Amino acid sequence: MAKHVKVAVTGAAGQIGYALLFRLASGQAFGLDTTVDLHLLEIEPALPALKGVVMELEDCAFPLLRNMVVTSDPRVAFNDVNWALLVGAAPRKAGMERKDLLEKNGSIFAGQGKAINENAASDVRIFVVGNPCNTNCLIAMNNAPDIPKDRFYAMTRLDQNRAIGQLALKAGVDVPSVKNMIIWGNHSSTQYPDFYHATIDGKPATEVIRDKNWLLNDFIPVIQQRGAAVIKARGASSAASAANAALDSVWSLINTTPADDNYSVALCAQGRYGVDEGLIFSFPCRTENGVVSVIEEIEHNEFGQQKLKETLDELREERDAVEALGLI
């Protein structure tokens with residue numbers, strides 16, 4: 001029997017939104033057996049541009065796209081949705097401190113969390129792309145007390161995909177040869193791209209890529225700073241690759257994970273790996289019959305433990321900052 005899903009996308013007229021919507025409407029996230037309603041949220045000044053995007057979506061005549069709602073009201077956007085993809089966020093501008101960005105986005109995500117809590121379908125799942133995504137997700141989660149905490153996710157799949165791409169290039173193999181590439185912690189420059197547990201053609205990555213200096217001193221910083229490198233080269237932030245990673249994430253959260261692999265997503269820590277209860281932290285995950293679970297038996301060497309501490313400390317600082325602002 002055909003399935004149907006209602007999906008809210010915030011920041012729908014932005015660059016990531018533009019790269020995301022056409023692929024969503026074509027079935028790339030929810031499958032070719034699932035029809036889609038799109039609820040598109042934008043700020044008032046961007047509504048004319050969003051109407052242009054809607055015209056283009058109509059002009060594609062996607063068989064799976066049933067209905068579209070265009071609005072600047074979060075209550076309308078999140079009404080009865082099964083998925084909320086929180087893409088829109090205030091960008092960091094020159095001279096802006098991270099705490100300023102947290103405050104500006106905090107009010108946005110607090111409001112959206114409340115609107116989701118009051119209006120979304122009972123089975124809603126929330127996936128945050130807008131940065132700083134871990135802490136924006138934390139804010140939304142804390143403002144939606146009626147929704148189970150395990151329904152909130154933040155995107156680190158872009159980091160995972162970046163890491164897989166770099167390992168494949170270095171090893172001279174095709175991308176599908178690289179598996180179990182884990183991103184731990186925050187989607188920021190403190191993230192820990194864990195090559196120690198990655199495999200290449202079924203062997204430990206460290207056996208295939210024997211250049212330890214490259215792994216430690218080139219690979220990790222490249223992944224941690226890839227977003228900034230894209231901005232420097234392109235003059236704009238990652239859009240198509242971010243949209244692609246969001247689609248990959250939704251697919252992985254819904255569909256059973258292959259037995260020999262895992263995927264990375266940030267979710268509510270629930271005390272795992274010594275991470276504070278309630279923080280949104282990226283872990284290796286698997287999906288089985290629609291149930292998402294964290295892989296819990298992974299052990300870290302001293303280097304890995306230090307990297308986990310660095311990213312955890314940053315997430316604690318961000319939490320404390322938004323707590324002080326009264327956002328959670």
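Cβ atoms are placed via backbone N, Cα and C, with glycine included.
Sequence annotations record features per position, and here Swiss-Prot assigns NAD(+) binding site to G11, A12, A13, G14, Q15, I16, G17, N105, Q112, V129, G130, N131. Sequence-distant neighbours of G17 (NAD(+) binding site): residues of the same chain at least 6 apart with a C-beta under 8 Å from its C-beta are V9, G11, L40, V53, V87, G88, A243.
Sequence-distant neighbours of R92 (substrate binding site) (same chain, six or more apart, CB under 8 Å from its CB) are R98, L101, N131, listed in sequence order. R92 (substrate binding site) carries neither a helix nor a strand DSSP state and counts as coil. What Swiss-Prot lists as substrate binding site is R92, R98, N131, R162.
Taken from Swiss-Prot, the feature active site, proton acceptor covers H187, and the record attributes it to sequence analysis. Sequence-distant neighbours of H187 (active site, proton acceptor) (same chain, 6+ apart, CB under 8 A from its CB) are N131, P132, C133, N134, A154, M155, T156, L158, D159, A266, S282.
Cβ neighbours within 10 Å of G130 (NAD(+) binding site), excluding its own Cβ and spanning all shown chains: 26. Looking only at other Cβ atoms within 10 Å, the busiest spot among the binding-site residues R98, R162 turns out to be R162. The shortest Cα-Cα distance between R162 (substrate binding site) and any of the binding-site residues A13, Q15, Q112 is the one to Q15. When Cβ neighbours within 10 Å are tallied across all protein chains shown, the highest count among the binding-site residues Q15, Q112, N131 belongs to Q112.
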